[in-house]
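Since the structure comes first, as structure tokens, the remarks are kept for the end.
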Amino acid sequence: MATEHNVQLVPGSQKIPKGVVSPRSAAEGPALTRRRSKKESWHPGSQKASSGDQSSSQGSEASGSSKHPPRTKVGQEEPSSAPARPASHRHSHRHRSDPQQDAAQRTYGPLLNRMFGKDRELGPEELEELQAAFEEFDTDQDGYIGYRELGDCMRTLGYMPTEMELLEVSQHVKMRMGGFVDFEEFVELISPKLREETAHMLGVRELRIAFREFDKDRDGRITVAELRQAAPALLGEPLEGTELDEMLREMDLNGDGTIDFDEFVMMLSTG
């Protein structure tokens, strides 16, 4: 009879035949396989592919940026695509002299300067205005005002002197006039400023006065004969016949051979 042998399996003593995978090795196998597959995803070939994808995505971003240009920061000027204009265009709107206006200024300019310009004498109304302003600041009524009151007195007359102008006037009064001025000295100080202020403020009344200096017969028109007659006294020199004819032709807007007051005013206007 065959003898039965009781075989006891001792843990760890059993040998595993070749070709048979133990449960532990089987568990490790997939883990090794997973690590291997992860390493394969880091293969240089895959890096090249990913870099190619990045380059393609960067290219798409670059193409998209060309469609949508970057915004300009606040305070930064946008580049102008329009071509720069030549420098000559900057001065294309300069004021061009008008022959008619030049002729009028040449004819009537000396008269107006003598009557209403910087070299004219003050009229009675202007002297009365200065007298009233002087008396307002002569508080003790002794006929003098101090240099400290000159600035306020000038402002009362409508002038706005600068600090430098006030300093010059004050120094002049203190050093040469003892710090006080009487009315005559006050007029000497103020009249140049007054003439300068009104030299370019000719009203209708002043223009009519100048017009009557030429219009001797008071018919409201200036003829060639009247222009020739008034020229030596008003302009300081006689005018030749051809020069008179040319001047009258340039200033005679309606072509009637004479200059009326409207034409006189229009030719003297500096528009």
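Placed from the backbone N, Cα and C atoms, the Cβ positions cover glycine too.
According to Swiss-Prot, the protein carries these features:
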- D138, D140, D142, Y144, E149: Ca(2+) 1 binding site (BINDING)
- D215, D217, D219, R221, E226: Ca(2+) 2 binding site (BINDING)
- D252, N254, D256, T258, E263: Ca(2+) 3 binding site (BINDING)
- 125-160: domain 'EF-hand 1' (DOMAIN)
- 179-196: domain 'EF-hand 2' (DOMAIN)
- 202-237: domain 'EF-hand 3' (DOMAIN)
- 239-271: domain 'EF-hand 4' (DOMAIN)
- S37: phosphoserine (MOD_RES)
- 1-105: region 'Disordered' (REGION)
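Secondary structure of the domain 'EF-hand 2' (179-196) per DSSP (helix as H, G, I; strand as E, B; remaining residues coil): 14 helix, 2 strand, 2 coil. R221 (Ca(2+) 2 binding site) falls within a strand when secondary structure is assigned with DSSP. Take the mean position of the Cβ atoms of D138, D140, D142, Y144, E149, the recorded Ca(2+) 1 site; other residues of that chain with a Cβ within 8 Å of it are F137, T139, Q141, G143, I145, G146, F180. The Cβ neighbour count for E226 (Ca(2+) 2 binding site), using a 10 Å radius over every protein chain in view, is 18.
D142 (Ca(2+) 1 binding site) and R221 (Ca(2+) 2 binding site) have their C-alpha atoms 52 Å apart, to the nearest angstrom. What surrounds the Ca(2+) 2 site, by Cβ distance within 8 Å of the Cβ centroid and not counting D215, D217, D219, R221, E226, is the set F214, K216, R218, G220, I222, T223, T258 from the same chain. In the three-state DSSP assignment, the secondary structure recorded for D138 (Ca(2+) 1 binding site) is coil. Secondary structure at E149 (Ca(2+) 1 binding site), taken from DSSP and collapsed to helix, strand or coil, is helix.
Checking each of the binding-site residues D140, E149, R221 against T258 (Ca(2+) 3 binding site) by C-alpha distance, the shortest gap belongs to R221. Each residue contributes its Cα atom, and for D215 (Ca(2+) 2 binding site) and E149 (Ca(2+) 1 binding site) those atoms are 46 Å apart.
Neighbours of the Ca(2+) 3 site: apart from D252, N254, D256, T258, E263, residues of the same chain with C-beta atoms within 8 angstroms of the site's C-beta centroid are R221, M251, L253, G255, G257, I259, D260. The binding-site residues D217, R221, E226, D256 include none with a CA atom within 10 A of the CA of Y144 (Ca(2+) 1 binding site).
Taking the Cα of D138 (Ca(2+) 1 binding site) as the reference point, the closest of the binding-site residues E226, D252, D256, E263 is E263.
Take the CB of D219 (Ca(2+) 2 binding site) and look out to 10 A: across all protein chains shown you find 11 other CB atoms.
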